[in-house]
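Asker: Starting off with a structure, shown below.
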Amino acid sequence: MLADDRLIVALDVPNAVAGLALAERLGDAVSFYKIGLGMLTGGGLALANELKQEHGKRIFLDMKLFDIGNTVEAAVRGLSQFDLDFLTVHGDPHVVRAAKEGAAGKDLKILAVTILTSLNRDDLDASLIKPGDVHDLVLERAARAFEAGADGVIASPQEAAAIRALPEAAGRLIVTPGIRPAGADLGDQKRVATPANAIADGVDHIVVGRPVVHAPDPRAAALSILAEMTSPQAVAPNRS
């Protein structure tokens, strides 16, 4: 079986032991995994290395780095020694540029976070983020990140089609969390879509956590999502 690496499963579990056990249950159904901050102190980097070197999996390290340029550059240079595939940083242009410098010479894609899919306009107001429609703010941040050299962006599926239409998005990646299979509980996500809709809107990779991780049969859940991704409703637009 050849896994479809457009599906990235978020290993939202407490530690590397649990992460490896889940990956073994998923087997060849999943070839791409996301490791986030929650597992960093639980052996996350060691797990990333084992999944990559021993099991041939692709690795997305979701760090959302945000600091002064020199610090971000140094952090990315250090992390790039782990043979990662994707790494997230905040979408501010100075952060993106510094991350690209740190990743120089490595086959590491720097993905810029636009606005978290768990946030809506009320949340942004509470955080004193400038006024404006969330959709427009995401597009503005995506365009600025691309101009700064980002290899891709993290954005909700609701903005994916509009981001794909940006001139700056040509040849860049769109990776979307906030994916829920039809009928699934939304959890803490507020700007969501189904796997089929996300792919149809031009998304390159979807990130799915709880619908797989918390399923009674994670492998069956992953296979069901993969089936949605290849359904007739999931035909991506021609990008030529």
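Start at 1 and count along the chain as shown; that gives each residue its number.
Using the three backbone atoms N, Cα and C, a Cβ is placed for every residue, glycine included.
According to Swiss-Prot, the protein carries these features:
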- K64: active site, proton donor (ACT_SITE)
- D12, K34, 62-71, T117, R180, Q189, 209-210: substrate binding site (BINDING)
Asker: Looking only at DSSP and grouping its letters into three states, which state does M63 (substrate binding site) belong to?
Answerer: strand
Asker: May I ask you to report the DSSP-based helix, strand or coil state of G209 (substrate binding site)?
Answerer: coil
Asker: Looking only at DSSP and grouping its letters into three states, which state does D12 (substrate binding site) belong to?
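Answerer: DSSP call for D12 (substrate binding site): coil, neither helix nor strand.
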Asker: In sequence order, what residues of the same chain, 6+ apart, have a Cβ less than 8 Å from the Cβ of G69 (substrate binding site)?
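Answerer: The answer is H94, V95, R97, A98.
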Asker: Can you check which residues sit near K64 (active site, proton donor), meaning Cβ under 8 Å from its Cβ, same chain, 6 or more apart in sequence, and list them in order?
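Answerer: Those within reach of K64 (active site, proton donor), by Cβ under 8 Å and sequence separation of 6 or more, are L37, T88, V89, H90, V113.
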Asker: As a test of the contact definition, list every same-chain residue at least 6 positions from F66 (substrate binding site) whose Cβ is closer than 8 Å to its Cβ.
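Answerer: In sequence order, the residues whose Cβ lies under 8 Å from that of F66 (substrate binding site) (at least 6 apart) are V72, V89, H90, D92, V95.
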Asker: Using Cβ atoms only, which residues of the same chain lie under 8 Å from D12 (substrate binding site) while being at least 6 residues apart in sequence?
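Answerer: Once residues fewer than 6 apart are set aside, D12 (substrate binding site) is near G36, G38, M39, G209, R210, V213.
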